[in-house]
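Quick look at what TrEMBL annotates:
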BINDING   SER215, ASN247, LEU366, SER370  Na(+) binding site
TRANSMEM  6-25  transmembrane segment
TRANSMEM  46-66  transmembrane segment
TRANSMEM  159-185  transmembrane segment
TRANSMEM  205-229  transmembrane segment
TRANSMEM  241-262  transmembrane segment
TRANSMEM  357-379  transmembrane segment
TRANSMEM  400-421  transmembrane segment
TRANSMEM  427-450  transmembrane segment
TRANSMEM  471-490  transmembrane segment
TRANSMEM  518-543  transmembrane segment
Amino acid sequence: MERKCGFLIPYLIMLIAEGMPLLYLELAVGQRMRQGSIGAWKIISPYLCGVGVASVVVSFFLSMYYNVINAWAFWYLFHSFQDPLPWATCPLNSNRTGYEEECEKTSSTQYFWYRQTLNIAPSLEASGSVQWEQALCLTLAWLVVYLCILRGTASTGKVVYVTASLPYCVLIIYLIRGLTLHGAVNGLVYMFTPKLEQLSNPKTWISAATQIFFSLGLGFGSLIAFASYNEPSNNCQRHAVIVSLINSTTSIFASIVTFSIYGFKATFNYESCINKVILLLLNAFDLEEGSLTADNLNEMKDHLMATYPQEYAQLMPQIKNCSLEAELDTAVQGTGLAFIVYSEAIKNMEVPQLYSVLYFFMLLMLGIGSMLGNTAAILTPLTDSRVIASRFPKEVISGVVCFMNCIIGLIFTMEAGNYWFDIFNDYAATLSLLLIVLVETIAVCYIYGIRRFEKDLYTMIGCKPNWYWKIMWAFVSPLLIISLFIFYLTDYILTGTLQYQAWDATQGQLVTKDYPGYALAVIGLLVASSTMCIPLGALVTFIRKRLKRERVSTVA
């Protein structure tokens, strides 16, 4: 979890230099060309057909694994109606004489996530079998997506309005509850405390750019797909500005909610740690009740160490070093934040079932909304194709895409599925998106021509883009993307052997392991399969034109 105040500066710079200009560019391209990602870039130049194909491939990869998050959300939602919540306490062992050993070494929330939800394997090599509960949840998630897109991409936007607006209601409820929680202030102070050394770290800028790309949907082709259904006179410039600002405001708003709950969780853990140390010292040294408090704990520890050095030395391994800052500094991201940290905070709230249902319902709405956009990016080029659309109705095309993704997605429901999920999440999109949006800006500004693009915009919305848009499109955005591209490649070269976090049940914690050779090959294939679409598309077009010319010259 990044400190937001240090992260906010690169985030805002990326929003102004990348997010808003590229969102406007993609909306304008889709609205002007009236095609999905493949058709739109082919109109701009036949040599750019690979850009649209790369977007579809990235969206396909994302759809393969992203719906697993919705499957997990369904799993947690179904378990949220139990009293007590199944992750509130550790389960009893088979002899019913104590708690499960693995759970005692970690926490009840981590045990529920790693063992009862994922039933995770100790390493990537131990693939294990498909977990039928998760497979059923994944099937349900894809069924919901299919029903939402059943009537075609044009009607999907109406469903997105619902999936986008409902989470705001839940966030407002969580904000009110979060700000009233004990320790919420600690989380908010942590959030707004500057950590400016992050600005010199290239990873912070890459993270900011990735956050902008994913939250706005840049490079996936979904924006172009949805914009192709707009009215030709729709003011896409105004929409680009409004959507960018709403998106960023929502991110900050959600961060306030998250950090207030995170502060409550950290404070609860810190105070629990203090109470355990106090109880240990009271029993060990037979002290009076009330003589030890959180305020005088450090002084009393020094006093006891000086008075009973041998006894204190024997007790030292059991005395934990409790720190609120250390609790707040605990780096948890992605699925860990969504399913471990939140579930740990929820279990300590009053009426936890209510807040659990609200939270996982919100997560489900957000996930389904994202999936609709990703699926639209795949379906629109397919339905635009005369060959496919003339032979199969939209319902069949949508069904085949959803079914294929669901079958492939079963990989992520295996015991080692979470490791494959991390591979796809880390490597399937980031580098590819940087290359796609770079080619898009260069294509519009220097191949299609920025003056020609200006005229198109004037025809559509009645005004030409001002100097800000033109400078960002022509110079700032491409240079920033190239810099990020270099940072990204340099970081992975310097990192050396790629590693992953594996769950060690004997220790009850994550351990670092090297990726096996076949996993590295999959990573290389993921990156290459999308990025190579762009040069291969240009090469195929060049060869076709060359052969066509030779045929014409032979006939002549």
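Positions of Cβ are set from backbone N, Cα and C atoms, glycine also.
Fair warning: this is a prediction, and the values are worked out from it, not measured in the lab.
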With the transmembrane segment (46-66) as the reference, find which of 6-25, 159-185, 205-229 contributes the most Cβ pairs under 8 Å. 205-229
Spatial neighbours of the transmembrane segment (159-185) far in sequence, C-beta under 8 Å, 6+ residues away: 148-149, 250, 253-254, 256-257, 260-261, 263-268, 349, 355, 358-359, 361-362, 365-366, 368-369, 372-373
Check the transmembrane segment (427-450) against each of 6-25, 241-262, 400-421, 518-543 and return whichever range has the most CB pairs under 8 Å. 518-543
Measure the Cβ-based neighbour count of SER215 (Na(+) binding site), defined as the other Cβ atoms within 10 Å of its Cβ. 17
Sequence gap of 6 or more, Cβ distance under 8 Å, 3 or more pairs: do the transmembrane segment (357-379) and the transmembrane segment (6-25) meet that? no
Given a separation of at least six residues and a C-beta threshold under 8 Å, show me what packs close to ASN247 (Na(+) binding site) in the same chain. GLY19, SER215, LEU216
Centre the Cβ atoms of SER215, ASN247, LEU366, SER370, go out 8 Å, and tell me which other residues of that chain have a Cβ in range of the Na(+) site. PHE214, GLY217, THR250, GLY369
Any idea which of the binding-site residues LEU366, SER370 has the thinnest Cβ neighbourhood at 10 Å? LEU366
Residues of the same chain, at least six outside the transmembrane segment (471-490), with any C-beta under 8 angstroms of its C-beta? 14, 17-18, 20-22, 25, 202-203, 205-206, 209, 430-431, 434-435, 437-438, 441-442, 444-445, 450
